[in-house]
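Below is one structure; the comments refer to it alone.
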C-alpha cells in the first residue's frame, strides 16, 4: 500500500479523475505540449502587435498618435483580461478547459483579422505618400470590424496567459525533489519559449505580412493555433489536473468586509486572542503592518451560529489570522507593483513609435529591405543575450562575491528600471539625429538617408531591461505571495503590463492635446517628421528616473514575510485567557 501511494501525486488527478500516477502522468513531455500552445499564442499576439501600427497608418490612414494608442490599448486589454481568465480558471473551469476555450477564441480572432485585411470593403482606398494629408481615413464600419477581430484575439490571449504557466507547473510535483528541480527549469524555459515565439513573429511573420500578403500572415497564425490545440489535446491522457479551489479574490473581500464591520472594535492586547482555525503547519506568522486588518480576526458576538456551537464562523464577519496575513502579504506587494508599471510604458514605445521611426529610415541591408516591424528582432535578441549573460556570468560571479545564486528579485527589477531609463534617453538622442536629417533633406521625404541601425541602442537597452524586470517580477510575485494566491499574484504581475500600455495611451493623448496644433503638428505629429518625438522620449526618461527613486523607497519599506516560529500547543493553551489577564 505504501509503495502504491509513493507512485501517486497526492494533490493531482488524471483525465479519469483518479489519483495521478507519477510514472504515466506529468513531467517534461506534457509540459512541452503545453509550451507549444504558448509559442503559438506569442506568435499570433506579437506578430500582430509589432506590425499593426504600420497597417493602421499605411492602409487604414489613421494618424500616428491614434495608431500608437490603438496598439497599446490592444496589448493593454490583452494583459488586463488575464484577471478574467484566472478568475474563471480558479473558480469554475479549471486550467485545462480555460486554455482550450480561449485558444479557440484567439483562433477565431486571427481568422477574422485575416478576413478583414483581405477584403477591400474592410479598408479605405489606397493613396501615395505625397497625398498623406488628403487620404481618406477608414470608416467607422471598417475600424469596427478591425476592433472586433483585435479584441477577440485580446480575449483569447488573456485566457491563455492566465493558465498556461500554471498548468505547466502542475505537471511537476513540488513535494518530489527531482520534479521540484525540474519545475524550477520550467520557468526559465517558459520565458525562453515566449521570446522564441516573439522572435519568429518579428522576423518570419512580419516579412510575410509586408512582402507577401498581410492576410496570409494572419491566416498562418490561425493555422498555427489550430495545430497547437490539436497537439495540446494529444496530451490529454498524460496531463495532471488539479481541482479548482475557488478564487482568492473572495478571501480578500471577506477580510476587508470583516475589518470594516469591526472597525470600531478595539484590538486585544495579545495576538493569541485573535481567532485562528488554520492547521498549525499552514499558519502564517503575525505581522504589525496594516494593523486595521487584524480587526477581521477579533471574535465578537454573532460570529458563530449559537444553534450549532461547533460550526465554522461566518467568513464575512470573522476571519482567521492566517487569512488576514495572506491579505497583508498581497497588500505589501502593491507598492512594488505600482512602481513597475512605468517600465511597460517605455516598453510600449518599442512596438509603436520606434516602429514608426524605422518606417522613415533607410532599412536596406545590401539588397534586402528589412520590414519596419522586424527591427524588434534586436529587442528580442537583447532579451536572449541578457538571459544567457546573466545565467553564465552574472550569477556565478555574484555567488562568489555575495554567496547567493544571483540578484534578488527586487535587485533584478531595479536593474531593469535603470536600463529602460537609459534606453529612453538614448531614444531621444537618436530621434534628434533623425529629425536633423529630415530638416536637411526635407520633411516630406518618405525615406530619410539615415540608417535604421541607429535604433539598435534603444531596442537593446529596453530589451535587456525586460530580461531583468520580467524575471524579477515573476519571481517576486510568485515567491512573496501566499500559497493559495499564486495564480492571482501572477495575474497581478501581468496587470503591470496592461496598465503600462494604458498609461502610454494616456500620455500620448495628453501630449497630443497639450502640444498639438490645428495643422496636426506638435510633439506627436501625424507625420513624425514634423513632430518632436525626442521631447516625448525625454519626458518618459524623466518619469522613469523619478519612478526609480520611488521604487527604491518602496523596496526599502518592503518587509518580506518571515518564517513562522513553531508554537507549541501548551503555549497556545496557556495564552487562552491572555485578554482577561491584560
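Using N, Cα and C of the backbone, Cβ positions are placed for all residues, glycine too.
Look at TrEMBL and you will find 74-93 (among others) tagged as transmembrane segment.
According to TrEMBL, the feature transmembrane segment maps to 99-116 (among others). Within the chain, the transmembrane segment (99-116) has long-range Cβ neighbours (under 8 A, six or more residues past its boundaries) at 34, 37, 41, 44, 48, 85, 93, 122-123, 145-146, 148-160, 163-164, 167, 215-216, 218-219, 221-222, 225-226, 228-229, 232-233.
TrEMBL lists 146-164 (among others) with the feature transmembrane segment.
Taken from TrEMBL, the feature transmembrane segment applies to 184-208 (among others). Non-local neighbours of the transmembrane segment (184-208) in the same chain are 31, 35, 38-47, 50-51, 165, 168-169, 172, 216-217, 220-221, 371, 373-377, 379-381, 383-384, 387, 470-471, 474; each lies 6+ residues outside the stretch with a CB under 8 Å from one of its CB atoms.
According to TrEMBL, the transmembrane segment annotation covers 215-233 (among others).
Residues annotated as transmembrane segment in TrEMBL: 245-261 (among others). Beyond the transmembrane segment (245-261), the same-chain residues lying 6 or more positions past its ends with a Cβ under 8 Å from any Cβ of the stretch are 87, 90-91, 292-297, 315-319, 323-324, 326-327, 330, 482, 484-485, 487-488.
Look at TrEMBL and you will find 333-356 (among others) tagged as transmembrane segment.
When Cβ-Cβ distances below 8 Å are used as the criterion, the transmembrane segment (368-389) is approached by residues 50-51, 54, 188, 191-192, 195, 198-199, 202-203, 206-207, 209-211, 350-351, 354-356, 358-359, 452, 455-456, 459-464, 466-468, 471 of the same chain, each at least six residues removed from its ends. As annotated by TrEMBL, transmembrane segment applies to 368-389 (among others).
The transmembrane segment annotation in TrEMBL covers 410-430 (among others).
Per TrEMBL, the feature transmembrane segment maps to 450-470 (among others). Sequence-remote contacts of a segment are chain residues at least 6 beyond its ends whose Cβ falls under 8 Å from one of its Cβ atoms, and for the transmembrane segment (450-470) they are 191, 340, 343, 346-347, 349-350, 354, 357-358, 361-363, 370, 375-376, 378-383, 385-387, 390, 407, 412-413, 415-420, 422-424, 426-427, 430, 433-434, 437.
Residues or ranges marked as transmembrane segment by TrEMBL: 491-511 (among others).
Among the features that TrEMBL reports, transmembrane segment is placed at 535-558 (among others).
It is 410-430 that, among the stretches 74-93, 146-164, 215-233, 333-356, 410-430, forms the most Cβ pairs under 8 Å with the transmembrane segment (535-558). Long-range Cβ contacts of the transmembrane segment (146-164) within its own chain (Cβ-Cβ under 8 Å, at least 6 residues beyond either end) map to 34, 37-38, 41, 44-45, 48, 60, 74, 77-86, 88-89, 95-96, 98-99, 101-110, 112-113, 115-116, 122, 138, 487, 490-491, 494. Here the transmembrane segment (491-511) touches the transmembrane segment (333-356). Their Cβ atoms form 3 or more pairs under 8 Å, with each pair 6 or more residues apart. Just going by CB pairs under 8 A, the stretch in 74-93, 215-233, 333-356 that sits most against the transmembrane segment (410-430) is 333-356.
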